[in-house]
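Enquirer: Below, the features straight out of TrEMBL:
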type	residues	note
DOMAIN	1-67	domain 'Ig-like'
DOMAIN	71-170	domain 'Ig-like'
DOMAIN	172-269	domain 'Fibronectin type-III'
DOMAIN	274-373	domain 'Fibronectin type-III'
DOMAIN	378-474	domain 'Fibronectin type-III'
DOMAIN	478-573	domain 'Fibronectin type-III'
DOMAIN	574-652	domain 'Ig-like'
DOMAIN	668-762	domain 'Fibronectin type-III'
DOMAIN	767-863	domain 'Fibronectin type-III'
TRANSMEM	877-898	transmembrane segment
Amino acid sequence: MWKHARGALAGIGNPQQYHPVPLTGRIQIMTNGSLLIRHVLEEDRGFYLCQASNGVGSDISKSMVLTVKIPAMITSHPNTTMAKKGHVKELNCTARGEWPIIIRWERGDTVIDPDRNPRYSITTSPNEKTDEVLSTLKLKPAEREDSVFFSCHAINSYGEGRGLIQLTVQEPPDPPELEVREVKDRSMNLRWTQRFDGNSVITSYDIEYKNKTETWELKHATRNISPTNNQANIVDLHPASVYSIRMFSYNAIGRSEASKELTISTEEAQPDGPPIEVILQPVTSQSIRVTWKAPRKELQNGVIRGYQIGYRENGPGSNGQYSIVEMKATGDSEVYTLDNLKKFAQYGVVVQAFNRAGTGPSSSEINATTLEDVPSQPPQNVRAISVTSDEAVINWAEPPRMTLHGVLKGYRVVFWAVFPDGEWGEMQNCTTTKEQVELKGLEKFTNYSIQVLAFTQAGDGVRSNVLYIQTREDYPGPPAGIKAVPSSASSVVVSWLPPHKPNGIIRKYTIYCSSPGSGQPLPSEYEANPELLHYRITHLNHRQQYLIWAAAVTTAGRGNFSDKVTVEPAAKAPAKILSFGGTVTTPWMKEVRLPCSSVGEPTPTIKWTKDSEDTAIPVLLDGQRLILANGTLVLRSVKAEDSGYYTCTATNTLGFDTIIVNLLVQVPPDQPRLTVSTTSTSSITLAWIPGDNGGSSIRGFVLQYSVDNTEEWKDVFISSTERSFKLENLRCGTWYKVKLAAKNSVGAGRISEIIEAKTHGREPQFNKDQPVFTYVNSTHARLNLQGWASGGCPITSVTLEFRPKGMWTWQNVRTNATTDVFLAELREGTWYELKMKACNSAGCGNQSSQFSTPNYDGSTIPPIKSPLEKNDDVKKLFSIGCPVILVTLGVALLFVAIRKKRKEKRLKRLREVYHYD
């Protein structure tokens, strides 16, 4: 039997009480009685007693001491432990075993040497009572790289023990890697990746953003984002703004540093505010100046590219629809003049700003009325309701209300006499607020031209068509002159001039002859033919004085008497001229007769002279000038140079007589001087200064105009009193040729110089700041026709041509749309060529571009290799080949030159040898 007793320590000292050795699988008694202990343990040490007995005699025993030598081992250490970065961390390790025990610390596979790395320190404390050693590794402080396995090694002479400690250093996480996935006008989509979580579970995220120009104190934030998310949408951003964005991660330890700061720009959005300070200022009767300022800066949502001005007439019969014109932005303050408006009409105007994203809200409608203008139509139904010899009553009706273009102030009646010789009398006018007027003090038995016009504050309107009237006959005026000369001892010849104011058709003349000493109470009366203007009175007494006078007679009766002249018949009489001097007016190229009838005994001779400066020159008689037998000077096809003073002299032996005739030859008027005053998109205003009237009053003007590249002239007849005229309803943006001529009683004069003028406006142009397309998918493309600037003239048509790249045939689309148009049935994943042509009255503008349709999955196709790139290989070959060719050619030329020189030397030597021989 085996028994075991523990000693005081390691079998040293007296044994304590023995106990039978428990037999287990590890401890067994061999057949020979030996005790076998497998895998000796520390508790196996002590005193062992072997007792043997066979029942005979006393038992025998044998004691022995088993000393167990314990190898070094780790008895206590943490498997895992946590530390905060930057804090001091102690790792403890307890070892036991046979002394002496050496403790070694390793970081990973590297032995820690505090002398080389002062961040580490190791202290070891033996406990002799428990045979244990306590070793402490202190990290001063713990860093991220300390998140590794530390090992504590205990070593003695009998073995080595190791304890592994997994240290996890916790810290705030690294900032996430932030990226922008999508940016819109008012939102953005962010995505991030969290790299190092600080060895602590991420608990949340914060996103901060601000306007780039502001400080982070004014930031906006989205906080406590779930750690399960890796993307977020930021909303309520301001369009067309630059933002700075950063992000933070959180774990149980704390907050990360800020992520890398991103700078992004939001897309433009339609302006949120209208233009401000809109002011309307009527400029003319057909134009209103609109001024405004850009929307408030914070409401522009991008770069303001231009403006749309909407205007509509606010009046009876208007359809309420806005007409839209567009202009590019020029600055913070803008001005635009609306043309071709109705006269004296109220218009409502709104203004909208637009940027690349679209059009913003319109301003509040503001009303303004175009200025008054002159009426565009004359009074209606102008007629004469009564006419006497010197008065006429004229009435009419008001022009149509829509043509007054202002507040009617009254009417003006313009009238002038037209005399038998074609000359016009002085133009007169009278003003009234009624629709009837009495014209008094008119010339009797005279043709009158009458026109009526309405006028407003702006001036006189259009005149009515000419109303022709003739005043009634009345008693004629006295003959304008009378002569009586003796023609024989018993007769006299009387001549006279028609009355200045015949006041009717002269039916006859009555000649009166009386002799104061004859005792006859009543004068003798003789009737004379009204065409002859002279009369011979016979059967008079020789050497008796007679008084002669005359009167004209019309259907109204006898007129006033002429002056009385005294005459005495005589057998022989000095030369006297019966004709009268004075002024004779005639149109050019006509035949004119200047009478010079004479009497006397002996018969007078006649001589005509013309004044030239200070001398009188006899009239040269030729085929154009001749003197008839009765003394009349005939001038044929008179010209302006024939004007002048002509003197007729009748002479006989008893005396002479003269008359002076002032001949005025009327010619067409000289050319006026024509200028352009103003132009608009549909009108050209002209002004002129008349030239010399050619001796006859101007009766009117003929204005002719045509489009510059044509010879189709249109005529406009203008009153003689006008000095300006506005050509209206012209084509926008078009050159016109204009010329003017004046007319008098002779005819039209010389035409002015042709001048050229252009109405405002130009051909359409495509705005480079506008995209050609607003949308393209694999089968359709939407064109942005709003990109066309009208040039001031309405766009009348837009023609589109497109074809796949490399094809010959173009597909045509024609439209008059001004917004968007679709190209349909396109091929997916194909490059196209596009040609656009927009036309207005000023011409056509062209725009060419290329575009590609995406594939069905939305992916884009690669760009087309340009012809220049295709020829790169040829260029390279050419650039390499040219120098080689040039070098080869140079070498060949040099070889030829050397051979030629050698040949010349050989020939020279042969010549020398030949000469020597």
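A Cβ is built for glycine as well, from the same backbone N, Cα and C atoms used for every other residue.
Model, not experiment: these values are computed from the prediction.
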Enquirer: So how many of the residues in the domain 'Fibronectin type-III' (478-573) end up helix, strand or coil by DSSP?
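Expert: Tallying H, G and I as helix, E and B as strand, the rest coil: 0 helix, 53 strand, 43 coil.
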Enquirer: Could you give the mean pLDDT over the domain 'Ig-like' (1-67), rounded to a whole number?
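Expert: When the pLDDT values over the domain 'Ig-like' (1-67) are averaged, the result is 82.
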Enquirer: Could you give the number of helix, strand and coil residues in the domain 'Fibronectin type-III' (767-863) as assigned by DSSP?
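Expert: Each residue of the domain 'Fibronectin type-III' (767-863) counted once, the result is 3 helix, 47 strand, 47 coil.
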Enquirer: Considering only Cβ pairs within less than 8 angstroms, which of the stretches 172-269, 274-373, 478-573, 574-652 has the most against the domain 'Fibronectin type-III' (767-863)?
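Expert: That would be 274-373.
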Enquirer: State, in range form, which of 1-67, 274-373, 378-474, 478-573, 574-652 has the highest count of Cβ pairs under 8 Å to the domain 'Fibronectin type-III' (668-762).
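Expert: Highest pair count goes to 378-474.
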Enquirer: Taking helix as H, G and I and strand as E and B in DSSP, count the residues of the domain 'Fibronectin type-III' (172-269) in helix, strand and coil.
Expert: 3 helix, 48 strand, 47 coil
Enquirer: What does DSSP give as the helix, strand and coil breakdown of the domain 'Ig-like' (574-652)?
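Expert: Its residues fall into 3 helix, 45 strand, 31 coil.
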Enquirer: For the domain 'Fibronectin type-III' (668-762), what are the DSSP-based totals of helix, strand and coil residues?
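Expert: For the domain 'Fibronectin type-III' (668-762), the helix, strand and coil counts are 0 helix, 45 strand, 50 coil.
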